[in-house]
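First the structure, in the form of structure tokens, and then the observations on it.
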Amino acid sequence: MDQDSHCTGERELLEAVSRIAVSSTTSTSDEEENQPNAEISCQERKENPEKGDTQDSSATLSPNSSMTTKELQEYWRNEKRQCKQIKLLFEIPSTRIVEHNLSKYVMYKIIILQTGSFDSNKSVIERRYSDFEKLHRNLLEEFSEEMEDVAFPKKTLTGNFTEEIINERKLAFKDYLRLLYSMKYIRRSKKFIDFLTRPELQEAYGCLRGGQYTKALEILLEVIGLQERLTRGNPVAIVPTLCAIVVCHKDLENPASAFEYGEKALSRLHVHTSHRYYIPLLDTMITLAYELGKDFLSLQEKLEEWKTKKDPIRVFTLKELAVREYVR
């Protein structure tokens with residue numbers, strides 16, 4: 001192939017990639033109110049096309065660009081992934097009957113799947129009828145207007161453990177969760193998020209307080225992914241969980257993993273330096289960085305900068321803060 005045809009081929013590829021980018025960043029949902037918002041970065045590109053990506057694209061996608069074909073493909077793959085609508089699907093595939101002391105109840109297995117991304121991870125939790133009932137009661141108090149037409153399966157005097165009733169409730173609870181998640185203010189509410197994550201977090205923190213760091217870490221790593229999906233618009237919300245993971249890894253003598261999760265937590269606090277976890281986390285990261293032979297001076301500078309701006313106060317350690325979470 002001669003040089004002219006090679007250049008022509010590259011220009012055609014660049015133009016094709018540009019068209020893919022434009023289509024992925026300009027598509028909008030007709031059901032925005034009933035589906036999760038797109039990533040903030042994507043929304044900003046839609047609202048301010050002359051800022052950010054337009055400039056970046058013109059620079060990156062010029063015919064004189066030094067990016068290889070593979071790099072261009074990966075670049076736009078990441079762009080499209082950021083702009084995809086994120087949606088959670090709820091499935092209730094099975095149940096189990098639990099008999100404990102004098103009580104008997106049905107546990108519903110809930111599988112939560114994410115669509116709109118290449119992430120194939122799923123979250124699995126269990127809830128009983130009374131958990132759903134409590135959620136419904138709490139949501140009615142806060143969102144009476146939104147919940148006005150939301151049906152909830154009623155209890156029956158008899159037959160609660162028959163296969164027919166259980167199967168009916170499986171379908172009803174699946175539709176119930178789907179409907180709640182379709183309403184923006186409800187899916188972002190603390191009460192809805194707590195329903196899906198709080199029991200597991202309470203168990204994890206109980207293990208942490210009891211020194212069962214391996215078990216606590218196992219649960220925290222399972223729940224953190226779901227928390228991230230549910231609090232996508234509020235990244236600071238998962239900082240306590242990330243810090244609990246840091247504490248577990250540190251006490252299990254896994255400093256590299258502790259530092260990795262600590263960096264994730266710090267990235268969410270870079271504009272929230274007054275957050276109660278900021279200084280304890282910063283102090284722990286300095287210790288970990290020193291132990292791992294990493295640069296700790298920049299972290300130390302941030303700590304000293306904070307101290308010059310604040311009055312001297314009693315600051316808890318990261319572990320002291322973690323063990324106080326979810327204390328009943």
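Cβ from N, Cα, C; glycine included.
Annotation source TrEMBL lists compositional bias 'Basic and acidic residues' at 42-54.
For 55-70, the entry in TrEMBL reads compositional bias 'Polar residues'.
Across the residues of the domain 'PX' (86-203), the predicted structure has a mean pLDDT of 92. Per TrEMBL, the feature domain 'PX' maps to 86-203.
Here TrEMBL flags 21-72 as region 'Disordered'.
Under DSSP, the residues of the domain 'PX' (86-203) split into helix, strand and coil as follows: 52 helix, 34 strand, 32 coil.
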